[in-house]
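Here's what TrEMBL has on this protein:
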- A:118-329: domain 'ABC transmembrane type-1' (DOMAIN)
- A:7-30: transmembrane segment (TRANSMEM)
- A:117-141: transmembrane segment (TRANSMEM)
- A:153-177: transmembrane segment (TRANSMEM)
- A:204-229: transmembrane segment (TRANSMEM)
- A:250-272: transmembrane segment (TRANSMEM)
- A:308-331: transmembrane segment (TRANSMEM)
Amino acid sequence: MKHRTFFWFFLPTGLAMMLFIAAPLVSIIMQSMFAPHEAVLVTVENCGPFGCQQETIVDQEATRALRDAQPLGRFVGLDIYFDRGHLAVAEVAQAWRNADDLGAFWTRLQNLPFYRAMAFTLTYTFTVTPLLIVLGLMIALGVNAINARIKGVVIFFSLLPMIVTPLVGSLILFWMIDSRGILGTAIQWLADDPDLSLKASTTLTWVMLIVYGVWHSAPFAFVVFYAGLQTLPMDQIEAAQIDGATRWQQVRFVVIPHLMPLVTFVALIQLMDNFRVLEPIVGFNAQAHATSLSWTILNDLGGETRQLSAASATSVMTVIGVAILLTPVLVRTWRDFKGKT
Amino acid sequence: MFLKTFTAAGALAVLTTSTAMACEITARVSIVGNEFPAIQTVGAGAKACAGAEVTTNLTADHQTINLPGMQGNPAEYTSAIIANSSIVALMNEDVIRPLGDLVEKHGQGLQPTQLITIGGEVMAVAFMANAQHLVYRADVLEQVGVEPPTTYEDMLAAAELIREAGIMENPVGGAYAAGWNLAQEFNNMFLGYGGQHFEPGTAEPNVNSEAGINALNMMKALSDYMNPDYLTHDSNATNAEFRAGNVALMNMWGSRAATLTEAEGVPQEVIDGFAIAGPMTVGGGDIPASTLWWDGWTVAKNISDEEAEATFIAMMNGIDPSILEDEEVARQAVWLIEGYEPTEAAVGVFAAANSGTIPYPMLPYMGLMHTALGNELADFMQGKESAEQALADVEAAYRAAAIESGFLQ
């Protein structure tokens with residue numbers, strides 16, 4: 001393609017990317033390095049239905065002068081990235097110095113919001129992603145093998161978990177696993193422990209969130225793999241059958257290699273999605289046991305006093321986290337691509 | 001006597017029609033606020049005005065949209081309905097206007113106590129009061145032979161008796177959901193033990209104190225008598241437990257207690273046994289372990305004077321004393337409006353106000369403290385760390401947020 005043609009061809013995409021990807025990134029990076037001005041406080045008398053008392057308020061005149069002088073706020077550089085709400089460098093260093101062994105250090109680390117969020121997020125990402133790929137593949141193989149007449153219905157029901165909005169899906173499950181709900185009671189009966197509560201135990205909450213994550217995302221893997229199965233080379237399968245390959249051997253040596261590029265694709269998308277896990281934590285009210293970076297952002301923005309700078313810093317860290325996660329898969333794809341050409 | 005009441009009622013009715021007719025506005029009004037019944041009533045009253053468009057956006061998420069919706073110029077919302085906690089965020093960002101001149105012009109009939117005056121300027125008009133207080137099952141307490149508790153220590157003793165008698169396994173309810181609710185329960189208990197959230201006159205945190213540790217230990221003791229899922233139970237879930245007859249004692253919001261047993265399918269014994277009392281004290285203190293709240297409305301700063309006037313008139317119509325004629329509306333809240341006669345459902349909030357309960361602190365940095373408490377206390381409640389450690393975490397988390405927001409250096 002001529003450079004000129006390429007330029008005009010790429011221009012709309014390029015503009016859209018600038019507008020929707022580059023600009024927001026620049027914006028959050030800026031916001032994460034500027035914090036609100038130091039508040040000028042005054043004490044005034046404050047009266048209402050319950051009488052009068054002396055209260056502290058923000059001096060608007062003085063604050064306005066500060067804001068007009070520096071509309072972006074106070075430049076703090078990377079301070080917010082290093083504070084306790086984020087990387088907590090000072091606290092981590094202190095924990096390292098004071099801890100007797102690795103276990104004690106780990107316990108102290110889990111007391112800091114960023115590391116606590118990462119512990120859950122990474123566990124979630126690296127259990128849910130492989131499990132949903134395996135489950136999606138199994139559903140796809142199963143559906144592909146059944147009678148064409150009921151296929152449509154089965155596909156519809158297999159897709160349901162993905163069709164249901166995550167918040168609604170998690171809320172329904174949340175009610176079912178309540179100690180008085182149908183699943184909660186069933187589990188109590190199975191474990192023979194009437195006091196067992198999924199919601200009160202950190203381990204069980206993590207298991208529940210992971211099960212939900214697999215349940216919700218497996219249909220995505222299923223759809224992709226099912227589409228891939230329609231392009232399966234039948235002559236290879238027949239050749240394998242003639243050679244006496246069992247069904248498992250056919251899957252292992254013909255089907256899976258054929259679907260490998262799709263596995264990479266699903267892994268890429270799902271690593272990205274699972275790293276940003278948010279809805280199940282909100283839906284299951286699980287913040288006492290599990291948090292994620294996205295949940296931290298929501299929490300910073302949802303309080304009575306919004307913490308825009310803290311939320312922006314966490315957003316930037318999420319972007320960096322996703323980039324790190326995807327690097328191995330991207331490098332691999334790039335090598336395959338180079339190998340082919 | 002009968003005739004006199006009759007004529008008075010007739011006169012009132014005439015007055016109502018005349019005020020309703022009188023509500024004429026000339027510029028747009030746009031209201032954002034919470035969605036509970038009393039606020040729905042106020043919103044509907046404002047919408048009754050003729051002459052220009054009145055829109056309302058009443059949602060539980062009002063706090064996350066009112067500030068951005070008032071920061072623009074012109075502001076999207078001309079009025080935000082807020083409480084004493086949430087007015088702070090609007091004050092911090094300077095998006096609401098002083099109402100002195102409008103009160104003088106259109107504010108006849110407002111009680112002096114309704115005017116929220118900050119530094120000599122009227123910044124909001126309050127229309128209802130709220131507080132958390134005891135809600136209990138009179139029949140269950142009678143069964144075990146105890147009086148309604150007036151202290152949290154009595155509550156624990158009563159809970160033990162109910163459990164021993166085999167009536168209920170987890171007789172205590174509480175909105176202890178990690179986050180805002182858990183932090184609010186801590187605030188109640190902490191103030192009840194005589195705690196102060198900040199070093200006087202500064203933004204320095206002061207929760208890691210004896211009062212803080214006592215408060216956490218009391219909450220932990222109470223949680224032993226709660227449904228094991230208590231860290232996921234907000235006010236709605238706690239009320240559901242009470243309605244289902246699983247709970248006999250709980251600390252609940254006045255605004256929700258009034259209509260608690262009106263839901264469908266509530267067993268008859270719960271409806272009959274349902275009773276309200278004032279807030280409890282703790283640790284031998286005389287200040288109740290609760291906080292006082294008001295709900296009121298504000299007028300945006302970044303709008304034209306014409307729109308501000310229209311907003312003020314419409315909101316005044318929303319809290320017109322005539323709304324109290326509807327019995328259902330009168331029960332919805334503890335109204336601060338002229339002519340309000342306390343209903344039976346209001347005794348808890350009135351007891352709270354009369355027994356020296358402290359209003360929720362209206363400080364610019366209290367929101368950050370509340371968020372920090374909500375995030376850091378769950379570890380203690382689950383037994384993962386000591387009370388001292390949890391409170392040290394709260395102070396550290398608060399400090400990081402306050403430094404970022406410019407309240408601490």
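Positions of Cβ are set from backbone N, Cα and C atoms, glycine also.
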When counting Cβ pairs under 8 Å to the transmembrane segment (A:250-272), the leader among A:117-141, A:153-177, A:308-331:
A:117-141
Would you kindly list the residues that approach the transmembrane segment (A:7-30) from elsewhere in its chain, counting only those six or more residues past its ends and only Cβ-Cβ distances under 8 Å?
1, 72, 312, 315-316, 319
Mind checking which residues of the chain, 6+ beyond the ends of the transmembrane segment (A:117-141), have their Cβ under 8 Å from one of its Cβ atoms?
110, 158, 206, 209-210, 213-214, 217-222, 224-226, 228-229, 251, 255-256, 259, 263, 266-267, 270-271, 274-275, 277, 290-293, 295-296, 325
Who are the chain neighbours of the transmembrane segment (A:204-229) in space, where the CB to CB distance is under 8 Å and they lie at least 6 residues beyond its ends?
120, 123-124, 127-128, 131-133, 135-137, 139-141, 143-144, 155, 158-162, 166, 169-170, 173, 177, 197-198, 255, 258-259, 262, 265-266, 269-270, 273-274, 277, 280-281, 284, 286, 289-290
Near the transmembrane segment (A:153-177), which residues from the same chain, at least 6 beyond its ends, have a CB less than 8 A from one of its CBs?
139, 143, 146, 183-184, 187, 198-199, 208, 212, 215-220, 222-223, 226, 279-280, 282-285
